[in-house]
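The next block holds one structure in the form of structure tokens; read it before the comments.
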Amino acid sequence: MVKDAPIGVFDSGVGGLSVLDEIQCLLPHESLLYVADCGHIPYGEKTPAFILDRSRRVAAFFREKGAKAFVIACNTATVAAVADLRQDYPDWPLVGMEPAVKPAAAATRSGVVGVLATTGTLQSAKFAALLDRFATDVRVITQPCPGLVELIETGDLSSPALRVMLQGYVEPLIAAGCDTIILGCTHYPFLKPLLAEMLPPTIILIDTGAAVARQLQRLLSDRELLATGNPVPAQFWTSGDPEHLRKILPTLWNFPGVVRSFGL
Ligand code: DGL
């Protein structure tokens, strides 16, 4: 692997852009490739076998492009695919992500933590293990959010439909006394402005994008693979409609980028 090779970042859709942004800000010399599997969204309601198959196709695509590292910027794909991908590519720096239970358990003062995530993430054995490990002294209220990702994918982050749905998902968490809410899906950080309107100001929101960027930095630095040159603008591929991604990209991504079709 060469230092100036790109980094591949993957999500079921545009959610991983919240992670891509953290990577871009922390590692501005890196060239970034991003695959949004919008043609198969939402992953939250798909089987682990289906998601593993999609993740393997994307991994093979990034390998072909010479990516020096792979970031699964999706909690749902991580639980379904990260273990197999690590076996497939034992020497490839690979970063997955999971809901931030440990920092949330450390941050809560009320002792009640809420988790907003997809059904797939919340039902996984990996999430259960995370709770067993880090949430022994706190009460955790989980809230699956079917439908939310599809509304975020429209690119309208303040639509009436989105407000109503989000309100319905956060109300039980507020009622249960949560003072800390984990955003356990990479799409949800885009809802922070809406959540700020809906939640009492004392509630802390925790997501893992910045931690993932730091972990990527550590892995690359350990292998002396951090880029030093001038990066090429981010390249995006979508298995959905490239025109739609081109249209909504400027609301979700503050840097230049080229969008193409992903046909695998
Ligand atoms: N963005 C993804 C995550 O972090 C999943 C969205 C979906 O359901 O496709 O879990």
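Including glycine, each Cβ sits where the backbone N, Cα and C put it.
Any TrEMBL annotation is an automated prediction that lacks curation.
What TrEMBL says about this one:
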- ASP11, SER12, TYR43, GLY44, ASN75, THR76, THR186, HIS187: substrate binding site (BINDING)
- CYS74: active site, proton donor/acceptor (ACT_SITE)
- CYS185: active site, proton donor/acceptor (ACT_SITE)
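Under DSSP, ASP11 (substrate binding site) is assigned to a strand (E or B) in the three-state scheme. Cβ-based crowding with a 10 Å cutoff singles out ASN75 as the top-ranked of the binding-site residues ASN75, THR186. Here the C-alpha separation of THR76 (substrate binding site) and CYS185 (active site, proton donor/acceptor) works out to 7 Å.
Between the farthest pair of Cα atoms in the substrate binding residues (ASP11, SER12, TYR43, GLY44, ASN75, THR76, THR186, HIS187), the distance is 12 Å. For CYS74 (active site, proton donor/acceptor), the nearest neighbour among the listed binding-site residues (TYR43, THR186, HIS187), judged by C-alpha distance, is THR186. Sequence-distant neighbours of TYR43 (substrate binding site): residues of the same chain at least 6 apart with a C-beta under 8 Å from its C-beta are SER12, ASP37, ILE51, ARG54, CYS74, THR76, ALA77, ALA80, THR118, GLY120. Non-local contacts of HIS187 (substrate binding site) by the CB criterion (under 8 A, 6+ apart in sequence, same chain) comprise GLY13, VAL14, GLY15, SER18, LEU148, VAL149, ILE152, GLU153.
Using a 10 Å Cβ-Cβ cutoff, CYS74 (active site, proton donor/acceptor) registers 32 neighbours.
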